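Q: The structure follows.
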Amino acid sequence: MVLEFTKMHGLGNDFIIIDNLQDKKLDWSKLAKKLCQRNTGIGGDGLVLVSPSDKGDYKMVIYNSDGSLAQMCGNAIRCFGKYLYEKGYTDKTNLVIDTDAGVKQLYLKINEGLVETVKVDMGPPIFQPELIPVNTTNSDNNIKIQVAQQELNITAISMGNPHAVIFVDQVEDFPVKEIGPLIENHPLFPQKTNVEFVQLKEDGTLVMRVWERGVGETQACGTGACAAFVASVLKGKVKNQGEVHLLGGVLKITFDGERVFKEGPAAFVFEGKVKIEEWL
Ligand SMILES: N[C@H](CCC[C@H](N)C(=O)O)C(=O)O
């Protein structure tokens with residue numbers, strides 16, 4: 001069986017997209033793990049399936065590069081919207097996309113027939129510990145932990161997927177690759193967590209690096225940027241509209257006190273085909 005795939009990225013967070021509208025029951029987790037390998041596979045932070053849905057125009061299913069299923073992906077859903085419009089799946093510029101973190105509204109900004117940016121209604125941030133999930137009784141989800149001889153203050157927030165937001169003085173040379181996995185796999189987080197390291201610069205800019213659950217350090221994380229922005233607003237560090245600067249670029253984020261909106265670009269990289277029998 002030969003499957004066509006499309007490689008895309010959102011600020012360097014890159015994905016393999018496969019049309020699975022026929023709802024093929026393959027071992028997608030195993031395929032994600034193999035196809036995402038950068039030396040022996042196509043390479044990517046995740047595998048995204050275009051799936052049928054009775055709750056929206058389409059459903060986005062996202063597997064991390066370790067084969068784990070994730071509820072939502074903020075960068076991938078922008079790629080998903082661009083993919084659907086420019087490959088002729090739809091001529092609508094306002095899309096309703098179903099995900100395992102609920103239905104998301106997408107607003108495509110078109111320039112000369114191409115999707116220039118995508119604005120996503122990411123929905124409300126989730127603070128209830130049992131819904132993140134995080135093992136804490138702290139009412140404000142601020143948790144102090146000791147890892148690798150460092151005391152860190154974590155703010156736990158879900159954007160449909162779990163995030164541990166940590167403010168640091170200097171993010172550029174922070175040991176993300178050492179500390180990230182210790183928090184990703186910490187017993188505080190029964191479903192593991194994405195980890196955001198955030199610095200508030202003197203000019204009021206938020207700069208962030210991210211260790212993603214099931215992936216490792218990535219160039220950008222859309223849900224993570226939203227979680228970091230919400231934590232920054234709630235701590236009075238920034239106003240309710242601003243930018244988060246990531247290794248891969250800038251995301252514009254608004255938190256109106258109830259819902260989070262994120263806007264950014266998406267890009268095609270290449271197309272290809274894989275003979276499934278060689279990968280399973
Ligand atoms: N690693 C994440 C999924 C991808 C999220 C990220 N790539 C984004 O843009 O939101 C998780 O396991 O929750």
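Every residue, even glycine, has its Cβ placed from backbone N, Cα and C.
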Q: Which residue of Asn64, Asn153, Asn240 does TrEMBL report at the same substrate site as Asn13, Gly74, Asn75, Asn161, Asn194, Glu212, Arg213, Gly222, Thr223?
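A: As annotated by TrEMBL, Asn13, Gly74, Asn75, Asn161, Asn194, Glu212, Arg213, Gly222, Thr223 share the substrate site with Asn64, chosen from Asn64, Asn153, Asn240.
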Q: With an 8 Å cut-off on Cβ-Cβ distance and a minimum sequence separation of at least 6, pull the same-chain contacts of Asn13 (substrate binding site), or say none.
A: Asp45, Cys73, Asn75, Ala76, Thr218, Gln219, Ala220, Cys221, Gly222, Gly248
Q: Would you count the other C-beta atoms found within 10 angstroms of the C-beta of Cys73 (active site, proton donor) for me?
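A: I get 30 for this one.
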Q: With an 8 Å cut-off on Cβ distance to the Asn13, Asn64, Gly74, Asn75, Asn161, Asn194, Glu212, Arg213, Gly222, Thr223 Cβ center, who else from the chain surrounds the substrate site?
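A: So the additional residues around the site are Ala70, Met72, Cys73, Ala76, Val210, Val215, Thr218, Cys221, Gly224.
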